[in-house]
Amino acid sequence: MLENKNHKKMSLSGKSLLMGTLSTAAIVLSASTVNAATTNADNVTKNQTVAVSATTTNNETNNQVSSSSEKTADSKTEKDTNLTSAATKEVKADAAKTTSPVNNVKTVADTTTTTKETTDNTEKSPVNFSADVKKNDAVKQDEKAATAVKANTEVKANETSTKSASKDNKAELKGQIKDIVKESGVDTSKLTDDQINELNKISFSKEAKSGTQLTYSDFKKIAKTLIEQDARYAVPFFNASKIKNMPAAKTLDAQTGKVEDLEIWDSWPVQDAKTGYVSNWNGYQLVIGMMGVPNTNDNHIYLLYNKYGDNNFNNWKNAGPIFGLGTPVIQQWSGSATLNKDGSIQLYYTKVDTSDNNTNHQKIASATVYLNLEKNQDKISIAHVDNDHIVFEGDGYHYQTYNQWKKTNKGADNIAMRDAHVIDDKDGNRYLVFEASTGTENYQGADQIYQWLNYGGTNKDNLGDFLQILSNSDIKDRAKWSNAAIGIIKLNNDTKNPGVEKVYTPLISAPMVSDEIERPDVVRLGNKYYLFAATRLNRGSNDDAWMAANKAVGDNVAMIGYVSDNLTHGYVPLNESGVVLTASVPANWRTATYSYYAVPVEGRDDQLLITSYITNRGEVAGKGMHATWAPSFLLQINPDNTTTVLAKMTNQGDWIWDDSSENADMMGVLEKDAPNSAALPGEWGKPVDWDLIGGYNLKPHQPVTPIPNVPTTPEKPENPTTPNTPDTPHTPTTPNTPDTPRTPEVPTTPVKKTTQSELRS
């Protein structure tokens, strides 16, 4: 979701050096300073040009330091000599003004300046002057020259004294940053007091305060990957001639109540909350999508349906807006949905109140949606909606609230409490993962610029990035407000009327780096949880990175991803930086995509189906070119926490990958006049509206052809050695026939004893 979020673009005209021209010790130097010096040099007299040239030389040296940080003693001596020479020449030239017009001064690099000036003036003297007059003039010139040399000596002495006093009072680097600056090859004697004071503010806290961090270094790597258009991550090219508006998007509009040709963008299927598979509801697949009239603040969610497993884009039907007609003030944005045991849909969505001056007050909400099915007419309709209520608006500590946001710079600061994704863990506990902004636990503000942990690169790289931010007013302003987060809450056991049982610290946060990471999506593959989210790099602080992406590709969108053994914590970035998908074509082409959403492939724990919408909203690709569902494609999840885009593509609007899904005709190429070109006629080289960028440096790329899902023939095992022939067992001897037991003797009948004596015997 982007276009109607009331996110005002920050001015880029404010790019200026905050701390003046950086010295040779600075790692980053704005090119505008050198350009300004060069421009001014064209408008000054020759005697001034020497000083400007010396400054320019030092600025050029700064750029060399920026790329290497290795400075030899010879180069330092040369720079100091240039500065001294320039100062000396200025003094000599000024002293000579008493005898010669400025225009007649000939500036040279040694002490012959005065002599040459004298010679020039002598040559220009009238020819009728007597020799005595000339001699007297020469004496006067010599006296004045001597005075100039004396003045120059005094000035140099005063400069030396001033520099010595300044050195004694110079600020000093302290603690860990002192070692880092030294290790980075920076000459600390060239740092200004302002730079030193700023560097001394840096905090070296070792622990992330709000989950896994998307760092400044990660952001640069993502932009670099986008610019390189690596086929492992670049969104595959689609055949522009095959893309069409969604037939089911012609329906009653929620705001006007009239039949309109609507656009459709952020969409999600009704899924099993534990497996993520698309649910089979009475033989149908159900998808909920944001729809609205083009170029209008019209954002509402609709229910769409098709036979389960049907890949035909034309067969999708529209059950209408879930929350009815006539709701222009209260709108609905992205979310997720799952089935209840009774067949109703439990919907999680973003309720947006626009009544406060269109500031888009976002709240995570839930509702139970009941459906009617008329099988004989192949028709699904919405019966009624119950339990519509707010689940979460932020707690202020882990997640920023609307009231906290209202106290900030609303024009530059993005508000986010949206896009709730439902997932059940292995034990059946239910959670919502959502887009947010960090709260006071790790809040936005200028102090984030001084958190070393936010940078994420080597010490040398971090130092350069720190100075870059301080030297660019727009980057610094963006960094101050950036606090995007992907949050998580645990719900209670009331399935149809859920509330919050526990609020966790964010899974991902980007303080100082980005102010918008949206549409989170968590899927469980095997025993691991994979978290994905969409982002636009121009919501980040690093202007240089996303502007370079715009220049190379004409767009700056991406999908990032992370993996963890636990749902609620411990995520690490995929592909090292978190990059999973990057833009391939300019934002105003028919085949530009966004809002990537990963759906598990049934029977596979190493592949995902990537869905999105195609063609940016507002008819930026041309009149009648509406936002619509894109073809889907496969993403391979590798065991080493890397990913690969596969050359497997579907029709538009395919949410279930099966044997009938693939359609190679939807694949495009980066060739201007090819029948399956990724660009429509006239799109090639067309500038993007927001920056009027042309001449893209697009590169062709080919997704990887996946290995068929069949068992591979195992390697032929070595022939086993023939075992030794076992010994033939001996035939046992016939056992002896046992003796016939003797017949026991028959006992005699005892004599009955009757007398006492007989009994005793």
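Any Cβ shown, glycine's included, is placed from N, Cα and C.
Copied over from Swiss-Prot, here are the features:
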type     : residues                                                       : note
COMPBIAS : 54-70                                                          : compositional bias 'Polar residues'
COMPBIAS : 71-81                                                          : compositional bias 'Basic and acidic residues'
COMPBIAS : 102-116                                                        : compositional bias 'Low complexity'
BINDING  : Trp265, Ser334, Arg418, Asp419, Glu516, Ile517, Glu518, Arg536 : substrate binding site
ACT_SITE : Asp266                                                         : active site, nucleophile
BINDING  : Asn311, Asp654, Ile656, Ser661                                 : Ca(2+) 1 binding site
BINDING  : Asp413, Gln444, Trp481, Asn483, Asp515                         : Ca(2+) 2 binding site
ACT_SITE : Glu518                                                         : active site, proton donor/acceptor
COMPBIAS : 719-754                                                        : compositional bias 'Low complexity'
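In three-state terms derived from DSSP, Asn311 (Ca(2+) 1 binding site) belongs to neither a helical nor a strand segment and is classed as coil. According to DSSP, Glu516 (substrate binding site) sits in a coil region rather than a helix or strand. When secondary structure is read from DSSP and collapsed to three states, Trp481 (Ca(2+) 2 binding site) falls in the helix class. Proximity note: of the listed recorded positions (Asp266, Trp481, Asn483, Asp654, Ile656), Asn483 have a CA within 10 Å of the CA of Glu516 (substrate binding site), given in sequence order. Looking only at Cα atoms, Asp515 (Ca(2+) 2 binding site) sits nearest to Asp266 among the recorded positions Asp266, Asp654, Ile656. Annotation note: Ser334 (substrate binding site) sits in a strand segment as assigned by DSSP.
Comparing Ile517 (substrate binding site) with Gln444 (Ca(2+) 2 binding site), their Cα atoms are 15 Å apart once rounded.
Farthest C-alpha pair in the substrate-binding residues Trp265, Ser334, Arg418, Asp419, Glu516, Ile517, Glu518, Arg536: 18 Å apart. Comparing Glu518 (substrate binding site) with the residue listed as 'active site, nucleophile', their Cα atoms are 11 Å apart once rounded.
In this structure, Trp481 is the one among the binding-site residues Trp265, Trp481 with the smallest number of other Cβ atoms inside 10 Å of its Cβ. The Ca(2+) 2 site, placed at the center of the C-beta atoms of Asp413, Gln444, Trp481, Asn483, Asp515, has further neighbours from the same chain whose C-beta lies within 8 angstroms: Thr408, Ala412, Asn414, Ser437, Lys480, Ser482, Ala484. The recorded positions recorded for this entry are Asp266, Asn311, Gln444, Asp654, and the Cα of Asp266 lies nearest to that of Asp419 (substrate binding site).
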